[in-house]
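What follows is a short report on a single structure.
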Amino acid sequence: MATETTSSCTGSNLLQPISEIINLPLDQVNFVVCQLFALLTALWFRLYLHPSKARPFIRHVVATLLGFYLALFCFGWYALHFLVQSGLTYSIMVFAGLEHMHKLCFIVALGYLSFCQITRVYVFDYGVGMENQQTWRKMPSLLEYLSYNCNFMGILAGPTCSYNDYMAFIEGTAYQPRHLEANGTENGKYKHTEPSPKNNVISKLCTCAISLAVFLSVSKIFPVERSIDDKFMASTPFILQVLYLYLSMLATRPKYYFIWTLSDAINNAAGFGFNGYNKDGTPRWDLISNLRILDIEFATSFKMFLDNWNIQTALWLKRVCYERCPINPTAATFLLSAMWHGVYPGYYLTFLTGIGMTMAARTLRHNIKPYFLGSTTHKSVYDVITWAGTQVAICYTVVPFVLLAVGPSLKFYRSWYYCIHIACLLLVLALPVKPWHLRAKEEQPQQNSLQGGLTGDHNSHSITDNNCNQKHKAT
């Protein structure tokens, strides 16, 4: 690839002929080609710059330079925002006191992100997303910090990861602690063998191929915009409109499955993402996985859907907002998620609707579910009903996220007479629910992921816990 044909802020024009042949926007072609290049580079990185063959300094330098190159190819000079934002937050880390460092980093990072989003939408209509704040046990060097933020494996589409996990990957210490801890009685069998990600990478690439094929073939058949077409709304029975809405959203999701699964495969191919062993001794490579497709498609609650969607961003939102906000953390987390995603009005309509949905779903589950636990049959009936209700609620909520603008979004909600908004309000007002702090105390032992962040094909960088062995679990 070459960057001499790079335009001011839309990246390289080198692949323009391919874009015209396959009839896809140039930015999408650049993204996919760069990710495939990153996949091949990740294989080379793991084989020839393995921790046993190269010092951490070399691995940091190569990962960072390759990351900048991919960003420049995709975004042109706009990729400099990665450097500027990283420089600002690193300066705060150097000069600010420990007491206020995390707050200042959060404010500056989110403010700079908002600036980038505004210029992307209203000036250049293009750009990148970035978010950065972390805690650590020792002050990272500037090279380590840039490598963590801008490495070639995650600069274009993430996923976010723990700083400690990333450093363990770079330094070659990622396998042993999990290895010894996870194998139990079979410890000796795998003790001296570094697990190979080959099978997991192949499996994830197959998932990518299927997701991309489904998206390209089906999304044009069921465009979401048809849901607000006057002729369609006038001539189609309401029940069929609901079915069409479900199919159109079902056809939209494979795009995200493709992006996030490919990003996960790239990291795994480089040797990053090992998360211990399964009970049968097979290695797990889901440390930084961003979604669980089957749990999403068969979710029986709003929370279950969100817990398995954009997992790493949800973990970041949990640590930076949900666990720290003293007043209504659910609402605060959804609002922060809207700001993180961008400045399109549709994002805010989606996340404001999501607040009501989450509260209503929690209230309904708290009051109704106990009546269906008496038998397996009742439980199965409950699961079917809640699956259907969850899918309709999710589709209804995210329509503005796809339509982006206020007018079309409100037109859609008017065509439904705001019925689900009204139903959520009545449920919250009519049914009792435990205060959030008591509920959180009861759910804490089993809650490892946050209800937050519906989408996010932008790159982001997480707050990291002192716990290097974070687990991902749908509750």
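Each Cβ is built from the backbone N, Cα and C atoms, and glycine gets one as well.
Annotation comment: TrEMBL describes 447-475 as region 'Disordered'.
Sequence-distant neighbours of the transmembrane segment (29-49) (same chain, 6+ residues past either end, Cβ-Cβ under 8 Å): 1, 11-12, 15, 18-19, 22, 58-59, 62-63, 66, 70, 73-74, 152-153, 156-157, 197, 262-263, 265-267, 269-271. Positions annotated as transmembrane segment by TrEMBL: 29-49 (among others).
Here TrEMBL flags 61-80 (among others) as transmembrane segment.
Taken from TrEMBL, the feature transmembrane segment applies to 100-123 (among others).
Residues annotated as transmembrane segment in TrEMBL: 201-222 (among others).
Marked as transmembrane segment by TrEMBL: 234-251 (among others). Here the transmembrane segment (234-251) has Cβ contacts under 8 Å with residues 214-215, 218-219, 221-224, 226-227, 297, 391-392, 394-396, 398-399, 402, 415 of the same chain, all six or more residues outside its ends.
According to TrEMBL, the transmembrane segment annotation covers 346-364 (among others).
Here TrEMBL flags 384-403 (among others) as transmembrane segment.
With a threshold of 8 Å between CB atoms, the same-chain residues lying at least 6 positions outside the transmembrane segment (415-433) that come near it are 227-228, 233, 241, 353, 356-357, 359-360, 362-364, 366-367, 392-393, 396, 439. Per TrEMBL, the feature transmembrane segment maps to 415-433 (among others).
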Query - Contact set, same chain, for the transmembrane segment (384-403): CB under 8 Å, 6 or more residues outside the stretch - result: 224-225, 227-228, 242, 245-246, 248-249, 252, 298-302, 304-305, 345-347, 349-350, 353-354, 357, 361, 409, 412-413, 416, 420, 454-455
